[in-house]
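Below: one structure, written as structure tokens.
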Amino acid sequence: MAVEIIVDREKCIGCGRCYDVCPKGPLIWTKDENGKYYAYDVEYCHNCKFCAGRCPTNAILIKVVKPKKKDENKNKK
């Protein structure tokens, strides 16, 4: 299952709760130059949504992304 973690940087206050509560915290989350967190490697995310649930400003959205099939474009001419 592939996921996309979207952080609204306008809403993020840089509290670090997403990082702290995430079972894979250091593998997924990092800070930008303004001290706000973002997900830089979602490969390790298993969609527990702890980060979104703990965010005090609701700045985190997690979307399940369906991977494209390899043969999806082969039959189109």
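Note: Cβ is positioned from N, Cα and C throughout, glycine not excepted.
Since this is a predicted model, take the numbers as computed values, not measurements.
Record features, source Swiss-Prot:
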- 3-32: domain '4Fe-4S ferredoxin-type 1' (DOMAIN)
- CYS12, CYS15, CYS18, CYS22: [4Fe-4S] cluster 1 binding site (BINDING)
- 36-65: domain '4Fe-4S ferredoxin-type 2' (DOMAIN)
- CYS45, CYS48, CYS51, CYS55: [4Fe-4S] cluster 2 binding site (BINDING)
Reported mean pLDDT - the domain '4Fe-4S ferredoxin-type 1' (3-32):
94
If you measure CYS51 ([4Fe-4S] cluster 2 binding site) to CYS22 ([4Fe-4S] cluster 1 binding site) at Cα, how many Å is it?
6
Given the binding-site residues CYS45, CYS48, CYS55, tell me which ones have a C-alpha lying within 10 Å of the C-alpha of CYS15 ([4Fe-4S] cluster 1 binding site).
CYS55
If one looks at the chain holding CYS45 ([4Fe-4S] cluster 2 binding site), which residues at least 6 apart in sequence have a CB under 8 angstroms from its CB?
VAL3, ILE5, LYS24, ILE28, ALA39, ILE62
To the nearest Å, how far is the Cα of CYS12 ([4Fe-4S] cluster 1 binding site) from the Cα of CYS48 ([4Fe-4S] cluster 2 binding site)?
20
Setting CYS45, CYS48, CYS51, CYS55 aside, what same-chain residues sit with their Cβ within 8 Å of the center of the Cβ atoms that define the [4Fe-4S] cluster 2 site, listed in sequence order?
ILE5, CYS18, VAL21, CYS22, LYS49, PHE50, ALA52, GLY53, ARG54, ILE60, ILE62
